[in-house]
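What follows is one structure encoded as structure tokens, with my remarks underneath.
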Amino acid sequence: MVESQPNFFIPESIHGVSTDLAAQVQMIWDVIKAPLVVPMLNVAVVICLVMALMLFCERLYMGIVIILVKLFWKKPEQRYKFEPIQDDVEVGSSNFPVVLIQIPMFNEKEVYKVSIGAACGLSWPSDRLVIQVLDDSTDPAIKQLVEMECQRWASKGLNITYQIRENRTGYKAGALKEGLKRSYVKHCEYVAIFDADFRPEPDFLRRAIPFLVGNPDIALVQARWRFVNADECLLTRMQEMSLDYHFTVEQEVGSATHAFFGFNGTAGVWRIAAINEAGGWKDRTTVEDMDLAVRASLRGWKFIYLGDLQAKSELPSTLRAFRFQQHRWSCGPANLFRKMVMEIVKNKKVRFWKKVYVIYSFFFVRKIIAHMVTFFFYCVVLPLTILVPEVHVPIWGAVYIPSVITILNSVGTPRSIHLLFYWILFENVMSLHRTKATLIGLFEAGRVNEWVVTEKLGDSVNNNKKDAAKKTNVKAPKKRSKIIERLNLLELGFAVFLFICGCYDFVHGKNNYFIYLFLQTISFSIVGFGYVGTIV
């Protein structure tokens, strides 16, 4: 009996009959496209459009609120009880609270003098100031240099202590926690934290501390970062644009509306009682600063962001350092969200809408959705729809929404508006790295607890990279010659994928997406070959 032939069949060529390879691949594609590829891609488009709308609504909300804040909100000095602490000859310095300065360090040869000198130069009574240098360095020569610098300032009458540990347990969080345990800081009421490359102005404490003194429900005063090497190269300009939006909009809105904003890990002053009540420093994620801020907020403490209180700092000027930093900044929040979401939901000390804001707006949209929609939609799904013309992406999702989001993001750095288009391409490239880190954090995969200290080149003292290289005896040109060490294969792979999609759209497409795809290919290639940090 002859069996009936099925309607759905696999061509004989697959079983070994010699056929043209291209025709064979085309047959397989025709077989699986309609029943499998098209439905899956349609679902992916819908999911990405929903995420894009979520991010669009978030950015629009932030934009509206920041306009209202700038036009109608009172300044922090008017919204809170603020009375400058005056010098009084009769009572001496007794009306000044005792403040602890913590400076965590790790092999900071290029910048240790900057941070120590800035801390010692603060205009605060020396008998009411305790400076603590927390050195986790592994290089004995650097440890000796830092210790000698501390001794030099101590000989001038400053209360400065050089503190080391036997191991780096907990990294920065462990060092800060250990520092607060010392008996000589028990009488301190507040603690100001500055990373090794930060340089606060002399009046920093005089402008920040009165907010804590006059408002007992405030736990943190966060200052804005300013970047001394923003003009060094294109990489630093791109970082400035992203971070300026964070400070100008996200931090300002969270502070003005009493919603929530995270501690940035440095250039902030904490009430030590609030740190202790929140459970102290924890090293369960790579964003110990955000962890502490969330826990303190859940206990009813409030935070203030002061946009006009600034501290100078340095941006990573090498792609390698920037990638490590972005991995930590993307992986850590996702992992913290995983660990704390139920704790936030069950908390009874904060109102319902604040919990919604923290879970949905702060964590879910900004720390997870923002990375994923940028990568999956604009770097994966949209290019794939070119190869599958049966799948349609509405123009509002492909063009209008990302355009509005980009314009809203640009308000933080108006001086770089001419770089906006390249910033979009660069952010799309980095979204690959950030999405990978976010997924690692959500699922607690391999590199979830990776902590690589951001490399600093001393540009806060000298913006000339050649001079910095000479000081450190680093032979930069020789290092750059090792091309294989600069390659980022994942980015190069996506460059090839986007180039193929662009060529296909150029020949067969109707939407002219190939212009964007070719430009994005160039951006992925630049990062893939590791040259973005050298473009001025």
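From the backbone N, Cα and C atoms, a Cβ is placed for every residue, glycine too.
All TrEMBL annotations are machine predictions without curation.
Per TrEMBL, the feature domain 'Glycosyltransferase 2-like' maps to 190-389. Across all of the domain 'Glycosyltransferase 2-like' (190-389), the predicted model scores a mean pLDDT of 94.
Beyond the transmembrane segment (43-73), the same-chain residues lying 6 or more positions past its ends with a Cβ under 8 Å from any Cβ of the stretch are 79, 248-250, 252-253, 256-257, 361, 365-366, 369-370, 372-373, 376-377, 381, 384-385, 391-394, 397, 401-402, 404-405, 408-409, 411. What TrEMBL lists as transmembrane segment is 43-73 (among others).
Taken from TrEMBL, the feature transmembrane segment applies to 356-388 (among others).
What TrEMBL records for 400-426 (among others) is transmembrane segment.
Residues or ranges marked as transmembrane segment in TrEMBL: 487-507 (among others).
TrEMBL lists 513-532 (among others) with the feature transmembrane segment. Nonlocal intrachain contacts for the transmembrane segment (513-532), taken as residues 6+ away from its ends with a CB within less than 8 angstroms of a stretch CB, comprise 234-235, 319-320, 379, 382-383, 386, 398, 422, 425-426, 428-430, 483, 486-492, 494-495, 498-499, 501-503, 505-506.
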